[in-house]
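Undergrad: From TrEMBL, here are the annotated features:
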- 119-152: disulfide bond (DISULFID)
- 120-136: disulfide bond (DISULFID)
- 28-50: transmembrane segment (TRANSMEM)
- 62-81: transmembrane segment (TRANSMEM)
- 199-224: transmembrane segment (TRANSMEM)
C-alpha cells in the first residue's frame, strides 16, 4: 500500500501530457502496478489462510507460481538473448533521454544512474542529441543546445555548489576534449560491466527472492491439502452419524 501511495502521489504531481509521453518508463506507473499486484496477491494469501478458503489459497498459489515462472523465464531469456536484451535496454534508455525534461521523476532517475555508474547517455554522450533541448541542430533555440545534463560531469573535489551548466556545449567537442569535463562512455556498457562484476551478488538477490516464493507456494499447497482432508473427514462423519452401529 505504501508503494501504491507513493506511486499515486508522484503520478498526481505531473502534467497529463508529460505522463502519457513517457508511460513506458514512468517510475510512478511502475510503483502503482507493482504495489497493486503485491496487495492483491498477499490479500488472497492472508485471507485465504485465515478463513481456510481453498479458492483464495489456490489463487494465491497459482499467481505466485506464475510470477516465479515469469521471473525465471525473464532471466533465462535475458541470458540466452543477451543481444536482444541489450537492444531493448538501449531502446528504453533512448526513450528516457527523449523525455528527460518532461518528467521530474524520470529526470532524477537518469541523473542518479549517470552519477552512480559514471556514464553519459546510452552508447555515448552524443546520444543526448535525441532530446529536443540538447539537440545540436542549428535551428534549436534552446539555451541547452549541444549540451549534456550536469549529471554527466566529472565530480569536482570540495565543490560546495553544483554547477548545473558544466555540460554546456560538450556535444560539440570530440571524445578526448569532452572526457576532461564529462563522462564520455555510455551507460549501457557501464551497466553490463557492473552486472558482470556483481554476478554473485545478483545471484544471491535472485535466490533470496526465489526461496520465499517457493516456500509460499509449498505452504499454500500443503494448507489446501489439509483443508480438503478436513472437509472429507467432516463429510464422512456426517454420513455415518445416523448409523446406529457407528
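A Cβ is built for glycine as well, from the same backbone N, Cα and C atoms used for every other residue.
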Undergrad: Would you please pick out, from the disulfide-bonded residues 119, 120, 136, 152, the one with the fewest other Cβ atoms within 10 Å of its Cβ?
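TA: Taking 119, 120, 136, 152 as the disulfide-bonded residues, the minimal 10 Å Cβ count falls on 136.
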Undergrad: Would you kindly give the Cα-Cα distance separating residue 152 (disulfide bond) and residue 136 (disulfide bond), rounded to the nearest Å?
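TA: That comes out at 17 Å between the alpha carbons.
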Undergrad: Measuring Cα to Cα, how many angstrom lie between residue 120 (disulfide bond) and residue 152 (disulfide bond)?
TA: 5
